[in-house]
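Following: one structure in C-alpha cells, then a few remarks.
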Amino acid sequence: MWKHHYLLIKNLHSFSLPLVFNQFFNSLIALFLARITGHISINAIAITNMVDLLIFSLLGILGAGTLSFNIYSSQIKDSNKSAFNDFFRSIIELNLIIGLFSILFIWLSMPFILAHFFHLAGTLLLLGKKYTFIVSFKLFFSMLIFAFSNQLKVYKKTRVIFLIGVFSSLFQVFMAYILTTCIFSGDNRVLGIALASTITVCLTLICHIVLIKKELIMLLHTASTKKKFLFVKSIPLFIQELIEGTFLSLLITSLLSQSGTLLYSSYVLCKYLTELALTPMFMYCHGLIIFIGEKIANKRQQDLLILPKLTLVIILTLYLFLIALMLVTHGRLFSFFSTDYKLIQLASHYFPLIILVEGSRPFYEVHKYSLQALGFESLALMITAISVMTLSFLFIYLTLINSLHFLTILILLGVFNLIVSWLFSYFYKKKLPLSI
C-alpha cells in the first residue's frame, strides 16, 4: 500500500512541480516588470494597476470554465480518442467565442470605468484607453492558451508548459526594456509595457500551436458537439469564482480595511508572504482534477479516497516548509516591502495568526476541487453560496452589536474555510459511488 501511495505522490509531483516552478518564475519576472513600470511614473503605476486588475479578474472568472474540460476529458482521454477530440475542439471554439465577447466587453466598458470609477480625465484617460485597447487582446489570446495548455495538462506535459513560460517571460522583460527605453518616451512608455505583454502572450499562443499542431490538424476532421455541455458545466464554475474571487474577497477586504490603515496594511504585508507560500496549492489542485478523472475512468475507488488526502498533505508540507523559511527572515522580508517601522512591527506581531488562518485554505481548495472533479460543480457552488451567505449575515450581526474586530474577522474566516472544507469532503465521499 505504501508503495502505491508513493507512486501516487510521485505522479502528483511530476505533474505539479513544473507548474509550481513556472509560477514562482513568473512572480520573479513580475517584480522586474513592476520595477520597469515604477521607473516610468506614478501615472504609469496607476494605469497599469487599474486596467490589469479588471483583465486579471475577467481571466480568473472566464478561465475557471476551462476546468470543465479537464474534469470530463481526463475521464475519456485513454478510452475514447474521438470523444476526447470532440471535447478539445469544443473547448477551443467555446473559448474563442468567449474571448471575442470579452474583448468587446472591455472596449465598451473600460472607458466608462476609467472615467467614472477611477476618475481619470484628459491625457491620462486617453492614455488609459490606449493601454486598455492593447492589453485587451491578451484576453482573447489567453482564452485560447487556456484550451491548449489544458490539453497538455491532461496528457501531463507540464514540463513543456514550464519551458514555454520561462522563454516567454524572459522575452517579455527584454521587449519591455527595449520598448520603454528606445521606442516610447514619457508616460507613453506605459504603452511599451502593454505591447510587450500582449506580444508575449501572442508568442506563447504560437508556441502552443506549434507544439500541438498534429492534434490541431486532426481536429479538422472532428465534429464539435460538446460546446453546450461544456458551457453549461462551466456556469457553476464561473459563479463559484465570482463568489470566492470577487464577492468574498471584496467583503473581507472591506471589513478589514475598517480596522485602520496601519492594521490593514500589516495584514496585506503578511498576505504577500502567505500567498507566496501557497503558490503550489492551485498547481497541485489542477493535478488532482486530472488524476481523479483518470481514477474514475479506471474505477479505482480506493485511489479516489486517498488522492485528496495525499494532495492536502503535500500542499501543507510545502506551505509549512516555505513559512518556516520566512519565519527565520520575515523581518527582512517585510522591510523589502516597506521601511515603516511601526508597520513592520505590527505585521510581525500578527504574522503567526495569519499563517494559521491562511493554512486553512488548502483544506478548502483541495476538497472543493475534489468534489468538482466528480462532476458535482453545482453542489460545490450551492455549498459555497449558502456558506458565504451565512458568513455575511454573521458579519452583519456582529457589526450591529459592535463585536466585529480585526481578530474576529480573521478567526471566522479560518473557521469558515475548515467548516466548508468538511462539507465538501463529506459530499465527496457520499457522491463517490455514483461516479464510478
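Glycine is no exception: its Cβ is also placed from the backbone N, Cα and C atoms.
Caution: TrEMBL annotation is automatic and unverified by curators.
Feature list (source: TrEMBL):
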TRANSMEM  12-33  transmembrane segment
TRANSMEM  53-73  transmembrane segment
TRANSMEM  94-119  transmembrane segment
TRANSMEM  131-148  transmembrane segment
TRANSMEM  160-179  transmembrane segment
TRANSMEM  191-211  transmembrane segment
TRANSMEM  231-252  transmembrane segment
TRANSMEM  272-292  transmembrane segment
TRANSMEM  304-327  transmembrane segment
TRANSMEM  376-398  transmembrane segment
TRANSMEM  404-428  transmembrane segment
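Most Cβ pairs under 8 Å with the transmembrane segment (231-252) belong to 376-398, among the candidate stretches 191-211, 376-398, 404-428. Proximity of the transmembrane segment (191-211) to the transmembrane segment (272-292) is not established, fewer than 3 Cβ-Cβ distances being under 8 Å for residue pairs spaced 6 or more apart. Ranked by the number of CB pairs under 8 Å to the transmembrane segment (272-292), the listed stretches 12-33, 53-73, 304-327, 376-398 are led by 304-327. Within the same chain, residues 47-48, 51-52, 55, 58-59, 62-63, 66, 69, 88, 91-92, 95-96, 98-100, 102-103, 106-107, 110-111, 114, 190-191, 194-195, 197-198, 201-202, 204-205, 208-209, 212 sit at least 6 positions outside the transmembrane segment (131-148) and bring their C-beta atoms closer than 8 Å to a C-beta of that stretch. Among 12-33, 53-73, 94-119, 376-398, 12-33 has the largest number of CB pairs under 8 A with the transmembrane segment (160-179).
Between the transmembrane segment (53-73) and the stretches 12-33, 94-119, 304-327, the greatest number of Cβ pairs separated by less than 8 Å involves 94-119.
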